[in-house]
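Everything below concerns the one structure shown next.
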């Protein structure tokens, strides 16, 4: 999607920031499936461990939720 990883910040934090922006700008909407770990590995040319760490940050921030066997989705914001 045109986002590049650069600078001294750890890769997983950069990916989390990119995904956070995509959620906030509406690229990914509530209840929408976000790219799989393997898709992000391909997009950013990083390991699955790096993507998992990025998704862990977003889950901790309650921006995404993973449903085993279904995928990872944008959480509906609390009201």
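Placed from the backbone N, Cα and C atoms, the Cβ positions cover glycine too.
A quick note: this is a predicted structure, and the numbers were derived from the prediction, not measured.
Here is what TrEMBL records for this protein:
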type   : residues : note
DOMAIN : 9-77     : domain 'HTH gntR-type'
**OP:** Within the domain 'HTH gntR-type' (9-77) only, compute the mean pLDDT.
**Re:** 96
**OP:** Could you put numbers on the helix, strand and coil content of the domain 'HTH gntR-type' (9-77), residue by residue per DSSP?
**Re:** 35 helix, 9 strand, 25 coil
